[in-house]
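Residues or ranges marked as compositional bias 'Low complexity' by TrEMBL: 1-14. Residues or ranges marked as compositional bias 'Pro residues' by TrEMBL: 44-58. Residues or ranges marked as domain 'PpiC' in TrEMBL: 95-186. The domain 'Rhodanese' annotation in TrEMBL covers 210-302. Taken from TrEMBL, the feature region 'Disordered' covers 1-26, 42-80.
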Amino acid sequence: MLGLRARAAAQLPRPSSPPSSAPATSLARFARLSPLAALAPLASAPPPPAKARAPPPASLSARWNAPTRLGGTGSSSRPTTRVFCTAASSAQREGKELLVQHLLVGEKDVRLLVDLEKSIIAGGADLSDLAVEHSLCPSKENGGMLGWVRKGQMVPEFEEAAFSAPLNKVVRCKTKFGWHLLQVLAERDQCILQDIDPEELHTKMQDPSFLEEAQLIDVREPDEVAKASLPGFKVLPLRQFGTWGPVMTDEFNPQKDTYVLCHHGMRSMQVAKWLQSQGFKKVYNVAGGIHAYAVKADSSVPTY
């Protein structure tokens, strides 16, 4: 049971674009693929699953929406969208990312929802195991794991529930997709991912202290690096991701500013998104890659 959760936690959802303020509009958004999946075809071997342990529960009060019954009256077993819990308020989690898993059942499957919730609370069942067996969401293949999410990536009802829920406590909410049981496993400060213009990078690289303090990564292949390179960049070929990916946090400090470079900025963006999913706090993708750097910032660098 713990193995399934750990395996699922490693398969984090892919942030396919920079965070948007618009809510998710399709069920598929609840099961975004990991950026690891985008890298996998180029890797010689996939990295081993990481183990994620959730911190202990928080304890601040919050109260959610007014109750909404699903048809009929007088049934004590029917869930409502009112949830009373001891939780961190949504406002207190501004600037945070949450590690979330969930399961989804149909709007009419109220009895199933109640039974599943009881099996977790009273029977000690694991949400990830139940998701594999019962969830309608494609994330069931990962034990219901949605990975690290931030505000603006989910439908409003799900977002409110997640960002108000205590750590580790299973709570329910209703969205246009149906009924959810969700669990927040961990929280962290939001990680920054943004482009840096070649001219700005060039200016920074004139400062010797920048080359000493920043983490500079070139994900191009060795034959490309032989044609053109920048000082201070460590070469980690994307095709060798299976070799260096599993030890990335051992070799690099997630707390330090990290800059990623490739030929035109596409491969580096893949790796930058993956680094962000691994908890690197500030990741910068060199916009346009070394080609743009040579054209816009330093003509002494060859183009190819």
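A Cβ is built for glycine as well, from the same backbone N, Cα and C atoms used for every other residue.
Whatever TrEMBL says is automated annotation, not expert-curated.
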For the domain 'PpiC' (95-186), residues assigned helix / strand / coil by DSSP: 34 helix, 31 strand, 27 coil
For the domain 'PpiC' (95-186), the mean pLDDT of the predicted model: 94
Helix, strand and coil residues within the domain 'Rhodanese' (210-302) as assigned by DSSP: 45 helix, 16 strand, 32 coil
